[in-house]
Every structure is written in C-alpha cells, then in structure tokens.
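Let me begin by presenting the structure, written as structure tokens, before commenting on it.
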Amino acid sequence: PNDLTPTHISWQPSVNAANHHTDRYANTELTVRRGQAFIITLYFNRPRQNGESLGFVTEIGPSPSESHRTRAIFNLSEAGGSGWSAAQGASDSAAMNFTITSPANAVIGRYNLTLRVTTGNKIFSRYLGQFVLLFNPWCPGDDVYMSNENERQEYVLNENGIIFVGNARYIEARGWYYGQFQDLLNICLTMLDLSLYYRQDPAMDVSRRGDPKYVGRVISSMINGNDNDNGVLLGKWQGSFHSHENPSRWDGSVVILKKWRQDNYRPVQYGQCWVFAGVMCTVLRCLGIPTRLVSNFNSAHDVDRNLSIDKYYDSSGRSLNISKDSTWDYHVWNESWFIRPDLGRSYNGWQVLDATPQEQSRGIFQCGPASVLAIKEGEVDLDYDTLFVYSEVNADCNRWIVYNDGTKKRVYCDTEIIGRSISTKAVGSNGRVDVTANYKYPEGSSEERRVYRKALAKILGTSVTEGRTDSAGGRSSETMRNPGIAGKFKLAEPPVFGKDINLILVLSNLSSDRKSVRVDMSASTILYTRRTVAEILKAATSVELGPKQGKHIRVKIPYTHYGKYLTTDKRIQVTALCEVMRTHGLKLLVEKTIILEDTNIIIKVNNFLPDVLNRSVSLEISYANPLPEPVSRCVLLVTLMNQQVKINLAPLAPRERSRIYFEFTPRRAGPLQLQVDFSCDKFSHVKGFVTIAVAPA
C-alpha cells in the first residue's frame, strides 16, 4: 500500500495572516478571508506519479451538502461550479505548495479541509485539519466590500471606540474597548450556533451564513438574552443592580463575552443600550463585517407605531407613567456596511442593526438590518424594521394633561425635537461626526414633512393630512388653545454635581392684557430613558404679568435634596405647569432636563517623548470628591486592553482632589486606550479615558 499520503501540513500562518489582515487574531488555527487565495504546504511520503490526480473537499456545518453550498469538491486547476479552486505552486519532490481560493460569497465559519487522491477508479481521502473563513471587506466581490483603506482600518481593525452619551445639548464621550482580536473568535462562532435560527434548522442556518444581512440579524437577536436563546446580556433600566454589574461599570466587550462563555452561555447581568451596541460591534468586526456605533439623541420608542410619542401629566405637572411610548435622552445602535441586493442598489451602504431589546420583530427581539437611506426616504415598509428605526429618529412629540375626570388636552406638539445630533466616532481620531443628514432631511424643510407624510401613509395605508391622534385613543382629546404666555427654564450657572442647582423660570406675557399665572413646579431625578426615579421638589407660586412683561422666578434645588436620589445617569428633570387664571384653564408646560457636570477624572501623560513600544509610560490620574461631605471606600479601576488594576484609595474630605501616578509599558504599537473608573460610597462609575499613540520601537 504505497499510496501517496500526506505526512505533514504547514498552514503557512504568518504569510496567510499578513495577506488576509488576520494577523492580530489570538486563535492559533488558520484564519483567512473569503474571495482571496491562501497557501498551504503538504509533505508527502513519496513524489507524486503520473496518473495520480489531487483535489480538495471543504465542508462546514453539521450536515454539509453541495446543494446548500456547505460542501465543495474541487480538483487542482479545474474550475468547478462551487466557486472554490486550487492550484499547485512551486514545489519540490518532498513538499508541494497549494493555493486555495474561496468564492467571495462563501459561507463564513469553521471549515474541515480534506485532500483527495484519485488513481484510476480508486479515491483515497485524508483529513488535513480545520481553518476559519471570515467576511472580506478588502475583496471587491464581497457584499461587505469597503473601498477606503482608512475606513477599513477603523471599522474592521480598530479595537478602541468612543461612545457618545449625555443629551443633545451636552454630548459626552465615553471610551469603549471592543477587543475583537482578544481570543473571541470561537465565542462569536458559538454564538451563531446557539441562536434560535440554528436550533430550528441547523443545515439551513449554516447555508445562509454567507449573507451579512442574515448574520447581522441573527447576531442582533443573540446579544440580548430575551428569547431563551442563551443571549449575551440581560437589560435592566430601573431599580437597583444589587449583586450584579451596574451597566455603567463596563468599559469594554471582552470581559462580558468571556464571562458569558465562562457561565456556560447564561446571559450576563446587566446591560443598557450602549453595552448591547458595544458588544455587537465587537462580534461583527470579529467576523469581518465593517461596523460602527451611532448615538441618536432624543430617541423615540414608539410602541403603538403611530409616529407619535405621547407623554401625560397630571393637572399639577407631575409626569404620569401611563403611556408605553418613551423618549430616551440618547440611544446607541450599530451601523454595518454591506450591499442590499434584496432592496436594490440605492439602499447599499450603512445598515442599522440594534441589539437592545425594545420590540419583537417577527417574534424575536432583533432589529435590522434597516438601510439608512430607506429611513431617510421614509420607505418604512422595506426590510427589516425600517419603520421602527424611522420613528426613533422622526416621531412627533406630544404632551397631554390628564384631568381628574379623565379628559385629556394636548398642550404641546413638537415635530423637530426627536432625532437630534446623531453621532459617531470619526475615522482615525476621537472626534465626533454628525451623521444626522444621513438619516433625515433638515428639520422643518418641505422634504422632511413630505417624507413624514409618505411614511405615515404607508403605515395607515391612506394618504394623510397632518391630523393626529394620541396613543391613549381617540381624537376626542382636542389641542389646547395658545395660552398667550411663553416660558423657559434657564440655568443661572452650569449645574455641577455636588452643588446646589440654581434655575430661573423666565415667563413672558405675549399679549397686551394683564395676566395672573399660577405655577406648579416639580423636579425629579430621572434615568437616561427619562423614567422618574424620585421626586425631589414640589412648589407652587403665583405671578402677575403686565402687558408684554417678562418675569424671572428663581428655583433652587439644593444638593441635600437631590444627592441621595441621583443614579449614575446624574439627571434631573424640572417641569413647570403654568395656568393662566380666568381663561378656563389654559396651560403652558415648560420642561428641562439637567445633566450634572462632573469633571472628576483628569488624566495627564507625563512622557513628552512620543510613547514608544516597550518603554515605560507614566500617567498622573487625578480624581475628586465634588460633594460637600466626606466620602470613603474609594476605588479606582484602571483598564488597559484586557488588564485591569484595582486601586483602593484613602477617604476624601469634602471637595478634596487627590492624585496617583501610574506606570505601564506598552507591548503593541498603535493607539492604546486607557480607561479610568472611580467609585466611592456616595457615587459610582465616574469615567475618564485617554488614547495614547504608541510609536513602533
């Protein structure tokens, strides 16, 4: 039996990884991208003779078949129908080099590779091992092809990110470590095998994994643990977090994904929107789909799908939690880059995917891909979930007063407030890029109203004039007449965490009649989803306004009132319901959300040299107690890629600032993000980050 037998294989890992931009993956098996050739070297027991022809078999999934395109058989130098091919390169008597090329639309995942030797009518097969195939943004034939190298570096290869949070008037940047190359590839591939789609029909599911639309949608369902599908994270937006992790504590995805695997794929507790988005970005970049995070400010969650967000107040201006609709200060989702042959060429490019569990789509908590261009054009009937995302950036906002007898009156309608300052990180820097114009025409423009009417008509199935209904039913609730006064809250000085907040309610009489106004004021601490945590102020006053006169009413919210009711979101909402007397109850509603500023963490890099590989870098990290009372149990967490150092600090006196020095040695060239998280007994998870450019040695 002197059959031609391979005795040894070299997967040529370094040359293949460099050519395929996979040299940073931590896994040891060959990892390559589709639509591009890779090289292997086979050593045989003897030289090959005439009449011995060679071929290969690639197989993926539990039941590989040629009809599902999960199995391919291809002989040397023959163009088979499968799109796979192999050619022999320069070889000597002992070793033979082969170039294997996969089609640009091949299924991605882990393949088995087998050698076939045919002599006459005898076929001898020898299993060679496994390799992993990924999406290829460098390949023009791939659905995820991206032509710009700087964009590929950012959206596929950058392990550091910036998430924009805060609110439309006060946008804050937070660091996030994606870490897609930190030994997560197997976890990401397992995630696909745990999905409900795979459980329902494994062979069919694997055969669709060449399609980024499908893979993106499946991953969006797997990042949340809402469908009994072993998803990665459970969300929690109210109450306390007790023994589990407050969503604000996370600084990156790697810890979360590794904890998920370690706990045998039980959902990790807890996430909120930016955590779901950060983890999904890691998984999609790891699989090779160009992906970024996008923050939408004043983001609508329109449960009843009428493109209107309705909010209700009682007759003294207290917010009532009776509507299922909500508006979040910000919401973070993902955009992935690929073509949409199912919709037509104009819908290619960025596609919205959202893993935060808000609404079910076809029975599962998943969202997208929705083409950003379809959203801009109001094509809300196009796949997938375009209507839901359209309303997140475009719904109108209505405020209603509910009287004791149950009647409702609309006191406010705003068509411009929802979907502001839509933001993403710049390519190659930590700057913010405003992408609002990708999602909508300018607010108030005729195109924007035209698109809104088109979207509404598609939902209602009729042509539409601008009449509105409210979520709680019926058109009976009429809009209140203009009360003839205007009002707004102004801050007397910037609101600082730990200090009293001084506000001014500016009321103006727009008419030439005298007016007596009764003002009911209320303030509550809230979450970034604008859900009320606790009422901290209630006051009423009356004011006389002469013709065309303006008056200032001062409002003070002392730290002693709000301190113990703030969450890590550090938000307070103030409302004033102003009733004009002797006018049958005409009312004006004035609202403001305040984010307390907290310039707590200051990080200084002390080396003035450009930071060089393998040379120590020293940092000064300063942190503070902004409160008028002492704090104890102070802890600083310093995170660099996967390493985290916990530093216990001495207690701080009221308003005391202190500092520590921190040294580390970078082991990789390129941008390095260092994150700092400061907590104590009175507040937690105050963040800071710095990006250090590490030059090659």
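Heads up, the Cβ atoms here are built off N, Cα and C, so glycines get one too.
Unlike curated records, TrEMBL annotations are generated automatically.
Source: prediction; values computed, not measured.
Shown in sequence order, TRP328, TYR330, HIS331, VAL332, TRP333, THR356 are the residues of the chain, 6+ apart in sequence, with a C-beta less than 8 angstroms from the C-beta of CYS273 (active site). TrEMBL lists CYS273 (among others) with the feature active site.
Residues or ranges marked as active site in TrEMBL: HIS331 (among others).
Long-range Cβ neighbours of ASP354 (active site) (same chain, at least 6 residues apart, Cβ-Cβ under 8 Å): SER220, PHE276, ALA277, TRP333, ASN334, CYS367, GLY368, ASP385, VAL389. Feature annotation from TrEMBL assigns active site to ASP354 (among others).
The Ca(2+) binding site feature in TrEMBL is assigned to ASN394, ASP396, GLU443, GLU448.
According to TrEMBL, the feature domain 'Transglutaminase-like' maps to 265-357.
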Practice problem: Other Cβ atoms within 10 Å is the metric here; tell me which of the binding-site residues GLU443, GLU448 scores highest. | Solution: GLU448
Quiz item: Averaged over the domain 'Transglutaminase-like' (265-357), what pLDDT does the prediction give?
Solution: 93
Quiz item: So how many other Cβ atoms are close to ASP396 (Ca(2+) binding site), meaning within 10 Å of its Cβ?
Solution: 22
Quiz item: Within 8 Å of the Cβ centroid of the Ca(2+) site residues ASN394, ASP396, GLU443, GLU448, which other residues of the same chain have their Cβ?
Solution: THR415, GLU416, ILE418, GLY419, LYS440, GLY444, ARG449, TYR452
Quiz item: Could you give the number of helix, strand and coil residues in the domain 'Transglutaminase-like' (265-357) as assigned by DSSP?
Solution: 18 helix, 41 strand, 34 coil
